[in-house]
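According to TrEMBL:
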DOMAIN    1-72  domain 'U-box'
REPEAT    268-309  repeat 'WD'
REPEAT    370-411  repeat 'WD'
REPEAT    413-454  repeat 'WD'
REPEAT    455-496  repeat 'WD'
REPEAT    538-572  repeat 'WD'
């Protein structure tokens, strides 16, 4: 049954019924009528638009007009339907392509996420393995020269044999015997005569200032110390083999590194706190390290060749080894040494490898632990004889010790009871300098164990001092962003290098000829002595530089930093 609008008498498109009269209306017509009159057109009663009730009816399909049945109209209708079909098909193809591309992008993203997750897992696993490998390196790779810490009772045995132990825990000074004083004097006399004979002659092969200006960064080595406890705090170069460098780190280890082969020769473990001072012995396979753990450790780090010679001689004299062993076994073993990277033979042999590993572990060890201080050790300097070491400490004392006997010979307090921050021997070895945390630089007579001169002028704790090889220049630095140069003959300051405000100076170092002075701190700088002209500034470190050293004849410069890197500078 069709519904008809009570107003228009036509079939409504949107039928509604009035609750007032019950009549059916076209919605748009009745709404206009209500807006104009406000009453039901049939009953005359008040009616609102909101009162209308919409009737749900099936949609009405209007029949085609008679004109649509003609052939032209039919053809046009079919053409319109074809066009609509083509448009719909085109739209569907576009949507399909978009969906496929989105699916491909989703697949690529999923693949990338899986790759990233796998990479993170691999990195985490490798980091864990590297950490474990480093901790086990002393036993897993003895051919690398890893030095295991000496047991405490063995370390103390040497010190106990040389001297008693004080009630406070520090060793009792044995005193400087006449023999020791005589040895010091003889060495000083020989060095003074050699310096006079040499005069101002520039060493053959010394790099010229223009070449220093052309220095570039040749290498950067970030893997010498732990990444979890970053920072390299100390640096030294082997005076007899300038390819070997020694570093001390925040990770409580010292590392011997060969710059030519780019390999770690030895990792020295034993300190319980960070390693802040290191020294490479000029004539022996010995290194010395100091730490805030109150100790100074002396290490034996022999080269591969010296281990082979020593053990070959021992085996030849050992009746338990077959005479045929060295002729057949040892020459046949093939071991790539970190410091030489060369093969002993073409054919590998497990027995030879095990023998060399056992030999390496026995030869590399901590030979002495010096407990000369009751506070953090802050300064370390080797005497020119190579037999004694000078140390300073936060406990306000300087100490003079025999590194071979492991004995404390002298321990002298600072008169002002100030903490000592640094120390270095004069090139002749009869006097030395110390820095204090109250801005003083003091010169001491070693034989008399007395303070003979003071150099005031700095502001803040003294951070570094360095004697020139010429014997009469002393460079000092403190937390006042300046370097002061002192003439030891006149005992006065003749030059002050003022750096930028806020510049931090960690270390000073003259080259072996006394021609150049290097500064490590906010950056690394090199100055030409006498003219005190700045030659080069290196800004490669991303944190403060903590150490700087010159290679032989200043052929290269090495620096360390809190950014965990050892950098080498030179001419390509």
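Along the chain as shown, the residues are counted starting at 1.
Every residue gets a Cβ built from N, Cα and C, even glycine.
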>> Cβ under 8 Å, sequence separation of at least 6 from the ends of the repeat 'WD' (413-454): give me the contacting residues as numbers and ranges.
In response: 176, 181, 184-185, 187-188, 191-192, 195, 375, 378-385, 390-398, 400, 460-469, 471, 474, 476, 478, 486, 488, 491
> Using DSSP, how many residues of the repeat 'WD' (538-572) fall into helix, strand and coil, respectively?
Replying inline: 3 helix, 17 strand, 15 coil
> Which numbers of helix, strand and coil residues does DSSP report for the repeat 'WD' (413-454)?
Replying inline: 0 helix, 23 strand, 19 coil
